[in-house]
Amino acid sequence: MSPQQAVAAVVVLAAGQGTRMRSATPKVLHEVGGRSMLGHVLAATAPLGAGETLVVVGAGREAVAGHLAAVAPGARPVVQDEQRGSGHAAAVALAAVPDLGGPVLVVNGDAPLLRERTVTDLVEAHRAAGAALTVLTARVADPTGLGRIVRDGTGAVTGIVEERDATPEQRAITEVNAGVYLGDAAALRGALARIGQDNDQGEVYLTDAVGLLVGDGETVAGTPAEDPDDVLGCNDRVELAARRRTLNDRVLDDLMRAGVTVVDPATTWVDVTATVAADALLEPGVQLRGTTSVATGAVVGPDTTLVDTTVGEGASVVRSHVLGSSIGPGASVGPFSYLRPGSDLGPGSKVGAFVETKNARVGEGSKVPHLSYVGDATIGRGANVGAATVFVNYDGVAKHHTTIGDHVRIGSDTMLVAPVTVGDGAYTAAGSVITHDVPPGAMGVARAAQRNVAGWVRRRRPGSAAARAAEAATGPGSGAEGDDAGGQGPSDTTTSRGS
Ligand code: UD1
Ligand code: CA
């Protein structure tokens with residue numbers, strides 16, 4: 001242990017079944033505010049800079065170890081084969097580092113609200129007390145289900161008793177065990193080795209180390225957490241929702257104090273990993289997830305989900321779902337659009353209503369205003385993509401790219417069959433199916449010419465409202481409802497010229 005290190009090791013107890021979650025997913029992997037519960041505990045304890053971080057795994061060990069490798073590669077999983085209780089779990093962890101001495105932080109893995117500050121306060125209290133073991137406690141209104149801190153007449157901690165083993169008097173105690181302990185490695189090893197299973201659950205309770213060390217004449221301190229919310233565990237889905245709510249409230253309070261307008265905190269959910277700048281505005285029904293960042297002056301919502309997405313200064317995103325994308329400064333999205341990974345909207349660009357994009361760059365000031373699919377595309381600057389355009393990127397086997405130059409005008413209902421390029425300043429005619437490149441400045445037309453079959457309605461739909469309207473417009477039997485322009489109109493060979 002180096003002098004800067006407050007603790008020699010952090011031991012996270014994460015092997016329990018989590019039976020009350022009724023889940024195929026190990027309890028500590030359930031997500032709260034963008035991190036697993038285990039991830040929160042590791043984030044709160046990482047700043048201690050412990051030389052060793054040991055995570056006791058058991059139930060769902062492959063999943064937990066796999067998650068650890070992804071989020072905390074420096075942490076080491078230690079397998080507890082049989083879940084014989086929290087004391088046994090701590091003993092298994094210490095057995096994995098037989099030569100380790102000095103202060104060890106032992107913490108339950110199901111404490112998603114734990115914060116760095118609370119942990120460092122415990123370290124300070126432990127130092128100040130010169131104790132063999134210091135227990136973090138919490139004074140709570142409702143202690144149901146938690147271990148009670150038993151103190152003697154002088155206020156010294158004498159033991160922890162689990163609720164199911166407590167006397168009625170002990171149950172009335174409202175100072176509870178937070179499940180965070182800081183103890184000297186040697187003292188802990190000695191006590192853990194002596195803990196029995198003489199309790200209602202027949203488990204090896206870590207909490208019994210307190211009474212044993214007190215019996216040895218060691219000093220055991222108990223220090224209450226400043227914010228009792230910090231140490232709330234999570235044993236079922238009702239508690240999971242409550243912890244999520246508390247964490248979200250904390251995140252939103254921090255954002256609001258830092259200058260973000262949150263119109264409706266009750267329906268706004270922001271992961272701990274997301275960032276929002278001052279003077280951004282979050283409308284009701286917004287979720288900001290993962291690594292999302294929102295710049296100043298941006299307006300998000302209402303009813304918008306952003307995952308791993310960057311929103312630039314002054315941009316707006318309304319009623320949309322956005323994944324892994326970048327929305328440039330001053331750009332606008334929605335309402336009702338779906339931006340899939342790799343969408344990159346340049347400054348001042350627009351992706352309007354009912355548009356889906358994927359792996360698509362929309363250049364500065366370019367617009368895709370209505371009802372389009374833009375997949376695997378590069379669009380230059382100042383271009384306009386007409387309503388109902390489809391970037392036809394998939395041939396059934398492979399995806400292909402479409403390139404649209406600067407200041408291009410794509411006519412409404414154009415099918416751009418990739419791979420294809422429309423050069424700078426070119427146009428496409430509405431309704432075209434573009435299968436060949438359009439050179440710069442050209443007009444690409446790829447559609448059937450129109451022909452009108454004169455008098456068709458009078459002859460083929462006699463007596464209909466349409467026929468009466470046509471007659472009123474052109475006079476009875478004039479046959480002047482329009483010229484037959486030739487080409488491939490509706491088949492009516494008896495009346496159309498030129499066929
Ligand atoms: C525990 C404490 C209780 C405290 C509460 C705070 C004990 C005996 N009781 O109760 O005093 O008020 O936390 O939330 O510790 N674990 C293992 N291996 C095992 C058993 C448990 O790794 O064999 C882990 C669990 O994954 C969990 C932690 O230890 O992270 C605590 O176990 P849990 O069953 O949740 O204990 P609680 O009943 O909540
Ligand atoms: Ca628990």
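Cβ atoms are placed via backbone N, Cα and C, with glycine included.
Copied over from TrEMBL:
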- HIS370: active site, proton acceptor (ACT_SITE)
- LEU13, ALA14, ALA15, GLY16, LYS27, GLN80, GLY147, GLU162, ASN177, ASN235, ARG340, LYS358, TYR373, ASN384: UDP-N-acetyl-alpha-D-glucosamine binding site (BINDING)
- ASP110, ASN235: Mg(2+) binding site (BINDING)
- ALA387, ASN393, TYR394, SER412, ALA430, ARG447: acetyl-CoA binding site (BINDING)
- 463-473: compositional bias 'Low complexity' (COMPBIAS)
- 10-139: domain 'MobA-like NTP transferase' (DOMAIN)
- 1-237: region 'Pyrophosphorylase' (REGION)
- 238-258: region 'Linker' (REGION)
- 259-499: region 'N-acetyltransferase' (REGION)
- 459-499: region 'Disordered' (REGION)
Extent of the acetyl-CoA binding site in Å [max Cα distance among ALA387, ASN393, TYR394, SER412, ALA430, ARG447]: 21
Recorded positions close to ligand 2 - of ALA15, ASP110, ASN235, HIS370, ALA387, ALA430, only those whose C-beta is under 6 Å away: ASP110, ASN235
ALA387 (acetyl-CoA binding site) to ASN177 (UDP-N-acetyl-alpha-D-glucosamine binding site) - Cα separation in whole Å: 62
Three-state secondary structure, which DSSP defines for LEU13 (UDP-N-acetyl-alpha-D-glucosamine binding site): strand
Long-range Cβ neighbours of the region 'Linker' (238-258) (under 8 Å; 6 or more residues past either end): 21, 30, 32-33, 112-113, 229, 232, 265, 268-272, 276, 278
Nonlocal neighbours by CB distance (under 8 Å) for LEU13 (UDP-N-acetyl-alpha-D-glucosamine binding site), same chain, sequence gap 6 or more: VAL56, SER86, ALA89, ALA90, ALA93, VAL106, VAL107, ASN108, GLY109, GLY179, LEU206
Nearest-integer angstrom distance between the alpha carbons (Cα) of HIS370 (active site, proton acceptor) and SER412 (acetyl-CoA binding site): 9
Pairwise C-alpha maximum, in angstrom, for the residues (LEU13, ALA14, ALA15, GLY16, LYS27, GLN80, GLY147, GLU162, ASN177, ASN235, ARG340, LYS358, TYR373, ASN384) that bind UDP-N-acetyl-alpha-D-glucosamine according to the record: 68
Summary of DSSP states over the region 'Linker' (238-258), given as helix, strand and coil counts: 20 helix, 0 strand, 1 coil
